[in-house]
Amino acid sequence: MIFRRFRGLVRLLSVGIIISVLCNLATGYIGLSFADFFYDTPQSPIAGMRLRRVAAMVLAGISVPASGFLLQEFFRNPLAGPSVMGISSAAGLGVALYMAFSSGLQLPAFLDGSLTATAALAGSLISVLVLLTFAARLQDSNFLIIFGFLISAFCGAAISIFQYYTDNQSLRNFILWSFGSTTALTGSQLLIFALFTIGGIIFSLKSINPLIGNILGEEYAATLGVDSARLKTHIIIASSLLCASATAFLGPVVFIGIVVPHFCRLIFSPAKLWHQGVLNVLMGILVMESLSILSEISLLPINIWSSLLGIPVIFAMMLRGRATKIGY
């Protein structure tokens, strides 16, 4: 019965993804035909941009919810998400530093965008190295959450200093980046994004079976042969690879990493861990494609839409009192 319901949800989400992808390809100021996507026409460059935009939303829909799902299950904390480890804040600090030092330089748009993404990625990876260094010393996972909040607080303070002293143009550029963007990536950026996502998924798959044992408690997991320290390292690496690339190329769209796992538990619970993992990926793709469409139509940044649609989901769960019934 449960598996039949799961298959039904997978089919429904798959149909929704196909429809949302086609709608996203058709969304824009300039109308396109199928020939523009398959043949060399005057509108082919625009068709290529939309294809890359759709591909970026697919990768973000996979990476951000999967990152949030892993962290929530590992820490057994409903508030755990990609931002809890300070990864997105460190990416923001990297962007802020780049904008501070590049202020006044006249750079081509494509180069400026690539350097912005590189700075965000560098900031994220530095925070990952710091986390991995301290993860081995912090035996209690709850202290790791606190350490992640400390990283976020430090990066937030540094960003505030940047915002206070920087010029108006740099401040405007940073705020626009923080809103999140669905702007089409270049082919090389999309390739890097895909490689990080694949790497994160590989570490995620390695973590699923140990994570099932860890959910029952660290002492019971130890009797099953689960290496908690190794599992912790795999979770950090997986969530970091998944979150860092999405934040670097699309901006801090990490709120989706909290909302989607909760929504999947709301519509399908109880469920096996791998059931929830599959649903998170499919739901994440559907949500990101839908947010991209809304952003293109309304010209509002994607983070505004994610908050407008995500907050009611969390609030509905609170009202229904499901927080303790779905795993926490």
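Heads up, the Cβ atoms here are built off N, Cα and C, so glycines get one too.
Listed features, source TrEMBL:
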{"type": "TRANSMEM", "residues": "12-34", "note": "transmembrane segment"}
{"type": "TRANSMEM", "residues": "54-71", "note": "transmembrane segment"}
{"type": "TRANSMEM", "residues": "83-101", "note": "transmembrane segment"}
{"type": "TRANSMEM", "residues": "113-136", "note": "transmembrane segment"}
{"type": "TRANSMEM", "residues": "143-165", "note": "transmembrane segment"}
{"type": "TRANSMEM", "residues": "185-205", "note": "transmembrane segment"}
{"type": "TRANSMEM", "residues": "235-260", "note": "transmembrane segment"}
{"type": "TRANSMEM", "residues": "297-319", "note": "transmembrane segment"}
Looking at the stretches 113-136, 143-165, 235-260, 297-319, which one shares the most CB pairs under 8 Å with the transmembrane segment (185-205)?
235-260
Apart from its near flanks, which chain residues at least 6 from the ends of the transmembrane segment (83-101) lie with a Cβ under 8 angstroms of it?
71, 75, 77, 115-116, 118-124, 126-128, 131, 144-145, 148-152, 154-156, 158-159, 162-163, 166, 170, 173-174, 177-178, 236, 239-240, 243-244, 247-248, 252, 254, 257-258
Between 54-71, 113-136, 143-165, 235-260, who has the most Cβ pairs under 8 Å to the transmembrane segment (297-319)?
235-260
Non-local residues, at least 6 beyond the ends, that sit with Cβ under 8 Å of the transmembrane segment (143-165):
75, 77, 80, 83-86, 89-90, 92-93, 96-97, 99-100, 123, 127, 130-131, 134-135, 171, 174, 232
